[in-house]
Amino acid sequence: MGNVNAREEANSNNASAVEDEDAEICSREAMSAASDGNHVAPPELMGQSPPHSPRATQSPLMFAPQVPVLPLQRPDEIHIPNPSWMQSPSSLYEEASNEQGIPTMITWCHGGKEIAVEGSWDNWKTRSRLQRSGKDFTIMKVLPSGVYEYRFIVDGQWRHAPELPLARDDAGNTFNILDLQDYVPEDIQSISGFEPPQSPENSYSNLLLGAEDYSKEPPVVPPHLQMTLLNLPAANPDIPSPLPRPQHVILNHLYMQKGKSGPSVVALGSTHRFLAKYVTVVLYKSLQR
């Protein structure tokens, strides 16, 4: 047993010595080739590597493989898309503010699945679809002041809202009427009573109301109904002057002229509106039978 171990140790020592000699020979040949300027290895060393040579060991993978990407662009070549839905709210508000008109809500509350509206505001060219809001359908339109005709299209059929102002044409078709006017107080004196009193607080009292406070009777008719077209004072009786625009509260009422008719004739008048025009019909009736 002792001889066998001695032989194995001797063989291993001889093998290591041979390997060291081979490594030294390779290093010497490489140094001589580098000094001579010849970088080509000998033919016997091209196909094999000596043991423990740096070419025999492979370096581990130190970095993960990179995914190819597009090269960066210069600032002047970068294109940024600008779709309509990415616009800022301020720009949308500026576009809406540039549109002049009166905001108007049009509502349909008589059922249906698909509701649209068309009108004379664009000469009946387009149909606008209403959006469902609970049980009703609504749409917001910004229109200039004026009188418009419009109608609803409910599930493909022409309809009109009976609770809204309406008119009929010569063919018997019914349309709704939309009257948009810039609000101006018609009777400036009527709003003076709502102004706060210009008096100091020390002048207020808590006295009880007297009998004279309850003796004043209310007017028989509203004051704006007394100035009808029949009772307007004429600037020049010989030259007929153009009539002013009638107030909307006197439309579709029957009025009697005061004191200008003869004792046997009475004048009755009524004013109607069609679009932006006003028509007043005066009927002179004899009191004699």
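Quick reminder: no glycine exception, Cβ is built from N, Cα and C everywhere.
Feature annotation from Swiss-Prot assigns compositional bias 'Basic and acidic residues' to 1-10. Sequence annotations record features per position, and here Swiss-Prot assigns N-myristoyl glycine to Gly2. The feature region 'Disordered' is assigned by Swiss-Prot to 1-59. The region 'Kinase-interacting sequence (KIS)' feature in Swiss-Prot is assigned to 103-180. Residues or ranges marked as region 'Association with SNF1 complex (ASC)' by Swiss-Prot: 217-289.
Remark: secondary structure over the region 'Kinase-interacting sequence (KIS)' (103-180) totals 3 helix, 46 strand, 29 coil, with classes taken from DSSP. For the region 'Kinase-interacting sequence (KIS)' (103-180), the model gives a mean pLDDT of 89.
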